[in-house]
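Enquirer: Take this structure first; my questions come after.
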Amino acid sequence: MELLIKNARIIDAIQDFKGDIYIKDGVINEIAQEIKKDNVEVLNCEEKILMPAFIDTHAHFRDPGLTCKEDLESGSKAALRGGYTGVCLMANTKPICSSKEVVQYVRDKSKELDLIDIHQCISVTQNFDGKTLDHLNEFKDDNEVKAISDDGVGVSNSNIMLEAMKIAKENNWVLMSHAESPEFSKSDMRIAENMMTIRDVELAKLSGAHVHMCHVSTKEALKCIIAAKDEGANITLEVTPHHIGLTKEINDYRVNPPIREKEDVEEIIKAIKMGNVDTIGTDHAPHTLEEKSKGSPGMVGLETAFPICYTKLVRENGVSLNELSKLMSLNPARLLGMNKGRISIGVEADLVLIDIDKKIKVDSNEFVSKGRNTPFEGMEYYGEVLATIKSGKIKYKK
């Protein structure tokens, strides 16, 4: 399989130049200002932006068990339409991903579909019971496991969380923290996030584990995490497109953690500009319209992430496309131990072609995700994904 990409503006975390890319056997084989090859498939970019495909550090595909909301195929196709070729899936499936059987189902189905790379999180506690860690022993020799998380509920018992962090460190896993203190969940969601953030940061320092703080949304939590990172703690910091693109004044859509105040959004953008944020994760969380009408928290995000982030960060706040690529591609690849997220000879050819000058209007009827739950309906942003390439094959083309 050969593909020649012509006339692209090539951008990754450190590069920005015009040129061609030749892909052979799924890998970037040659990069130059001009490449000529006979009898190969050609993609003419017409000077549009070509970036490393995005990798989502935080998504929910609801498969197995909740496939009325999403499944591995629909979620993967939504990812491709949004420019993503890799996702890290949370464990809140049905049954919860606490067993080898569930993990193997996801892996086998993913390979059968052959659409994107899927990394399935293991639950921190068995079946989210908040106390049992024995199931983690099953995965100690499984090199495909990258991360563990009780995302959606969190781990309220501090001793259990510390022990889980120690296990994660022993196995070189990332522990993904959903920072929410249950004591405050019903009364004050700001305090709920802040209190649990403080605890998990301190436990991360104590254990030495790599702790990934998911969907950080308050200015206080940001300050706490950044201070710990500055001290050398092995912590990475994730924010979402909706916590960048919305404030309570614009749309108080139900999501967990909630849409925050203007000052919180300003601090998130400031942290990004200062280089203190590591990844952008969509927290793609599809629901049926019936469930959403009853108050289920969450929104779909894979198909709108880039235009929201590009518009809000690059166009409106002066963040470079290089930095955005770092947040959406390079750093997520590093987090998950993937040889991706950059444009270099010998790297797997996962790429996305984007028209950054094209204005789009969000229309949930055009989503390929089963989910239609979005607060961005009818809003306009810049940046349209034209094509997504996975291992040198064009998997999505508008």
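Using N, Cα and C of the backbone, Cβ positions are placed for all residues, glycine too.
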Enquirer: Per Swiss-Prot, which of ASP264, ASP278, ASP283 sits in the Zn(2+) 1 site along with HIS58, HIS60, ASP151?
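Expert: Given HIS58, HIS60, ASP151 bind Zn(2+) 1 in Swiss-Prot, the matching entry from ASP264, ASP278, ASP283 is ASP283.
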Enquirer: Of HIS119, HIS215, HIS242, HIS243, which one shares the Zn(2+) 2 site with ASP151, HIS178 in Swiss-Prot?
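Expert: Within the candidate list, Swiss-Prot flags HIS215.
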Enquirer: From the candidates ASN29, ASN92, ASN322, give the one listed by Swiss-Prot for the same substrate site as HIS60, PHE61, ARG62, ASN256, HIS287, PRO297, GLY298.
Expert: ASN92
Enquirer: Compute the C-alpha separation of PHE61 (substrate binding site) from ASP151 (Zn(2+) 1 binding site), stating it in Å without decimals.
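Expert: That comes out at 13 Å between the alpha carbons.
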Enquirer: Express the distance between the Cα positions of PRO297 (substrate binding site) and ASP283 (active site) as a whole number of Å.
Expert: 11
Enquirer: Test of understanding: give the count of other CB atoms lying within 10 angstroms of the CB of HIS215 (Zn(2+) 2 binding site).
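Expert: Summing over all protein chains shown, HIS215 (Zn(2+) 2 binding site) has 25 other Cβ atoms within 10 Å.
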Enquirer: What subset of the recorded positions HIS58, ASP151, HIS178, HIS215, ASP283 lies within 10 angstroms of GLY298 (substrate binding site), using C-alpha positions?
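Expert: Near GLY298 (substrate binding site), where near means Cα within 10 Å, the recorded positions are ASP283.
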Enquirer: Work through the binding-site residues one by one (HIS58, HIS60, ASP151, HIS178) and name whichever has its CA nearest to the CA of HIS287 (substrate binding site).
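Expert: Going through HIS58, HIS60, ASP151, HIS178 one by one, the Cα closest to that of HIS287 (substrate binding site) is HIS60.
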Enquirer: Find the one among the recorded positions ARG62, HIS178, HIS215, ASN256, ASP283 whose C-alpha lies closest to that of ASP151 (Zn(2+) 1 binding site).
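Expert: So, of the listed recorded positions, the one sitting closest to ASP151 (Zn(2+) 1 binding site) is HIS178.
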